[in-house]
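Structure record follows, encoded as structure tokens.
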Amino acid sequence: MAFNVITFLQFSVFVVILFNINLHSASAGSKGSSASQSSDNSVVAKFCDTNCTINEGGKWTECKGGCFCVHVGNETVGRCMKLDGDYDYPSPKPEE
């Protein structure tokens, strides 16, 4: 009787391990994404016509027309960039 219980428990553990491996391989091989990524709701980054520079006070010059300054590392010249698209970042101000 004791032999049958041990065999049953070993078989149960073996089935559980196979089940977990099967679940992992099915989810790891799936090609579908969890969120839709259509081009209708994507964000497009565009460079503006102006550059931005750092002044003697250590402050970057402002970009015009809804653009913001992008610079790399310790460079003193950057490019103005604008984001267009369907994005909804929360405002720090409370809604009225």
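Cβ atoms here come from the backbone N, Cα and C positions, even for glycine.
Values in this document were obtained by computation on a predicted structure and should not be read as measured data.
Copied from Swiss-Prot, the annotated features are:
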- 1-28: signal peptide (SIGNAL)
- Cys48-Cys67: disulfide bond (DISULFID)
- Asn51: N-linked glycosylation site (CARBOHYD)
- Cys52-Cys69: disulfide bond (DISULFID)
- Cys63-Cys80: disulfide bond (DISULFID)
- Asn74: N-linked glycosylation site (CARBOHYD)
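This view paints the features noted in Swiss-Prot onto the structure.
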residue : record                      : DSSP class
Cys48   : disulfide bond              : strand
Cys63   : disulfide bond              : coil
Cys69   : disulfide bond              : strand
Asn74   : N-linked glycosylation site : coil
Cys80   : disulfide bond              : strand
If we take the Cα of Cys52 (disulfide bond) and draw a 10 Å sphere, the recorded positions of Cys63, Asn74, Cys80 inside it are Cys63, Cys80
Cβ density check for Cys63 (disulfide bond), other Cβ within 10 Å (all protein chains) comes to 20
The sparsest Cβ environment within 10 Å, among the glycosylation sites Asn51, Asn74, is found at Asn74
Check: min Cα-Cα distance from Asn51 (N-linked glycosylation site) over recorded positions Cys63, Cys67, Cys69, Asn74, Cys80 goes to Cys80
Rounded Cα distance in angstrom between Cys63 (disulfide bond) and Cys69 (disulfide bond) is 6
Taking all protein chains shown into account, the Cβ-based neighbour count within 10 Å for Cys52 (disulfide bond) is 20
Expressed in Å to no decimal places, the gap between the Cα atoms of Asn74 (N-linked glycosylation site) and Cys48 (disulfide bond) is 21
